[in-house]
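Pulled from TrEMBL, these are the features on record:
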- C1070: heme binding site (BINDING)
- 34-141: domain 'Plastocyanin-like' (DOMAIN)
- 172-348: domain 'Plastocyanin-like' (DOMAIN)
- 444-561: domain 'Plastocyanin-like' (DOMAIN)
- 1-18: signal peptide (SIGNAL)
- 607-625: transmembrane segment (TRANSMEM)
- 632-652: transmembrane segment (TRANSMEM)
Amino acid sequence: MQSIKVFASLLWALNVQAKHVWRYNMTVTSAWGEMDGHGRPKYYINGQSPGPLITVREGDEMEVFVTNSLAIETTMHWHGVYQVDHPWNDGVPGVTQFSIQPRDNYTYRWTAQNQYGSYFYHGHFGPAFADGMRGPIWIIPAESRERPYELISDSKEDLAAMKKAEENPRHIVTSDWNAEGMDILLIQYRDTGFAPWCSNSLTLNDRAQTYCHSARDIEDAGGPDRNDLGCIYKVPGYEFTNPLECEPTNPPMEVVQQQEREDWVWINFIHSGAHHELSISIDEHEFYVVAADGEFVSPQKVNQINVNLGERISILVKMDKSPKDYAIRLTSLSPQQIVQGIGLLRYHRHGGHADATNTTVPLTKPWVHLNGTLISENSKKMNETALAPFPARPPPLHSDTTLKFIVKMTGPSTWVLHSSPHQGFRQSLPPVLWNFDSRGNTTYGSPGTMHNGSVVDIIFENDQQVTAMHPFHKHNMKAFIIGMGEGGFPFDTVEEALGHEDYRKNFNFHDPPLRDGCRLNEGAGAWTVIRYQITFPAASMLHCHRIHHFGSGQQVVLLEGVESMAPVPDEVRNMVHADFIPPVSSHDQFGVFLNAELFDIQAFEPAQLFVCNIFPIMAILEAVINRSIGLTHVLLTIALLYGGVLLYRVYFSPLSKFPGPKLAAASSWYEFYYEFIYKGGSQFAFHIDELHQEYGPFVRITPWEIHVNDFRHYDSIYSFQLHHDKPEHLKWRAGQPNSVFATPDHNLHRRRRAALNPYFSKSRVASFAPYIQERLNSMCQRVQREFAGKEKVLNLGDMWGCLVADTIAHYAFHREYNWVNTAVNFQCPLLEQVDVFADIMDTVPHFPVIGMVLYYMPPWLIRIMVPALSGAMDFLNEIESNVNRIKSPDFKPLQGENQNIMYELYHSDLPDTERRQARLVSEGLGVVSAGLETSKTALERATFRILNDPAVHKRLKDELTATWPDTKDAAPELSTLEALPYLTACVEEAFRLAYGTPTRLPRVPREPLTLGDRVIPPGYMVATQALTVMHDTEVFPNPMEYIPERWMDPVTHPNLKKHLVTFGKGTRVCIGQQMAYAIMTLGIANVVRRFDLTLFETDRSDVDLVRASFKPRPKKGSLGIRALVQDVVV
């Protein structure tokens, strides 16, 4: 028995000492990214951003195989990780390795030795980390580590819950996100000296929203003149900030989800940003700081923490508040910009899951102002100088070597540590580990001067001409931050400074912080001293983590104990890189596609089917004509083939697992029946809601499409972050396949959309408001002149149509059509053409060939075959002549004409293919036609709803009269009207019941799309129709009723706004929504305030949605919304 015990003990000891190897594969790629709804190229790791979590247990080994699929070089650095036994794996090009070439790979190996906690990895070639090449690392602390939890609570339940929280940490990688790629901004900085301070947003795990600040916000936060992004323009004493125009976005926010029976939550905040030091707080929650840069510290109970660039702060949050969502606030502490990022801490009992999207900032009480200062003097801020290691660990008492670095600038955009700047080309030279002289005089130490085991002091001091703050990061060994001060450091060593009382008080040798970074504060003469012991040999980078400082020379290499370093292995020195792998050929791609899809004919869109199948059909017909096969055989073959296709669709298609009618799965004729036959047509949208009642939240409605009525998934279907395409065959629906609205491909759509976005920003539309008001004045004068008190029936839809057509046509082309004054009885000819065209276009989703034929058919032939479209052809000719005129080298714009959309698009930096005539004509027609019918419908139905409810009408008129007492005076400005609560509520409710496009606008995911426990395979369509969302009785009780008051409740308003999908969401959200709001707000205010109208032979059946096609339609035979103008109000 004794021998068995001894043998078991030996086995246990061997097991304890054995190291486990954790292996990971990483592939680095680049693609279009939309972290905050604003797209630009960015980096991905394994298709993720941030990259996947790397976990390793303390004492174990790590092996990461990195493949570079970029078109440029790269490396991967393990930020804060000790390279104890593999110094050539620190991931610094030109220091520890050659860079990884495109299509090449590199295997990193390191041991998590004598360290634990939160770290991260990021690209170290150029500014890659600032453009998304980053991800979290979690080194699981050994059980033998002493934890500081008993300093927080002596409750056994709390101690167990805190240990459980440590075992399930949440990792929040924070950053700042700029409108331009960081390489572009660095070139701008080097060329001009203008620092790239102005960020679009602050991100949590690469999720963010862009918030535009009001003048009141800016004033309250203080500081110099700023734009609505919170950026200073040009202020003496500060570096330049790019003045960008703010474009608000509201993609989903990052959610930290409490799990069931989770009383404490551990969160690692990992700041991988480029510019901004952050204040981080959680509304209404105190929390404990328990670790800094990975290692345990004496806990601090605080409301706010500071996290500088490259730092990690770990906190424990007790989940003891009311179960709901609380805002996690990132607030910049940089004086150059007022900017904030928001995430959510979600309680389990509040419902929902971590993958449930949320775009609304909760109405919880914050701890900080927009400028990062605490709101209450009783609130507690983390003291970073008091983050003492736990257990206590004093620094060495004396140093053996002192390095003093004076931070200065030798040019407008050149930074140095002491003598000279690091030169970027050196990262392509043989690494320092190969040749200690390869970095020139930016290498400090040499074999025999900084011995292994010796203690080093580094003194940082700002030159008298430097005022900036510098967050330094030291690779490999952590260092004690033993002193900080201001006013210069006129000594060569710490020992000399300790002889002066004024300096001695600035040092801490008892319990200083132990970090892998340190701060050199703002101000000329600011100084910081760190002390560390060289515990293993390495060639370690030391640099500022502000990207434009680091990228402009502020970095050095420290040769630490290199005389004790093991030789670089031959397999590393002489590494045979991977063979170049050429891209898959088009033939190979087709073969892979066929194998993956099992010849699934439904993977093609209907328009593709038409093209792909016409050739075998023609071959069969040719065989019949030549009598080489009999007609009976042909018919039998076709029947068998079609039967096989139907069988496959119903039982073997990737969508066959979704519930729904078998007929819908088998054939699109099921949809056709409801769209064109049942009850006169346009009934499929209503039938979809009936199907959900029978089959649940996911229903297969066609062979190619899934419809979802669970709003939790709406932001994933219509996403700012995921790259979904539009079905190819729908590009013909609007008759202009080259317009941004019709563009199927996500990336091409983003490029085209980006060129148009500036012209539809809120500020641009606001500057156009005076023209809208001028058109309204003309319209109202005509109504007064021709209809007031004359018992003459006014068709409100026609009246609004003229206003909208005048406004949008002028905005697009800077041409005066003056339909509000010249159209007979307000019957705008352009609107009549749009109505005719809309009827035809409703057939295109089922028969794309109709759209194709109409697009390619000569206008003269269209006039003969479809006379009703003659007016549309006239307008098209006018657009073409305008485009030709603008393109002419002799063109001289009329006053203001250089501000119209067509002119600016042609003179933009779009490639020539995007500025050709057909493209510009498509874009012009698309801009006009997209806004005409939807805005006109919303206005006429809003007017009916207001006139039809005396209480609503009276309350709105009273509010308008209080703001605009005398209509002889000029109408209030748009900003004044937008501040009226009841008018705003009337507008929001009107847009809800206007629907925009009530039917579905399907998307085609490029990758598998996970929606809860369901996965939509790539290449198939998925949608949620607006009709379903805005008739949700749980969100909008009595959804068919017009109730503006529902928008007045500040508690429910955010949820209602989230469900208002009239304009869609995601990357394809309606580009003209700001224009629509402006026209609606000004239009309703003018007509309701100026006139007393009574409805004429008009009732709910003239507005209620009974036919849902691409546009909402009332009953057949409706004469529209008609009224009598009883009087003019003064």
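Heads up, the Cβ atoms here are built off N, Cα and C, so glycines get one too.
As a summary of secondary structure, the domain 'Plastocyanin-like' (444-561) carries 13 helix, 48 strand, 57 coil according to DSSP. Under the DSSP three-state reduction, C1070 (heme binding site) is assigned to coil, being neither helix nor strand. All chains included, 19 other C-beta atoms sit within 10 angstroms of the C-beta of C1070 (heme binding site). Shown for the domain 'Plastocyanin-like' (34-141): DSSP residue counts in helix, strand and coil, namely 7 helix, 48 strand, 53 coil.
Averaged across the domain 'Plastocyanin-like' (444-561), pLDDT for the predicted model comes to 91.
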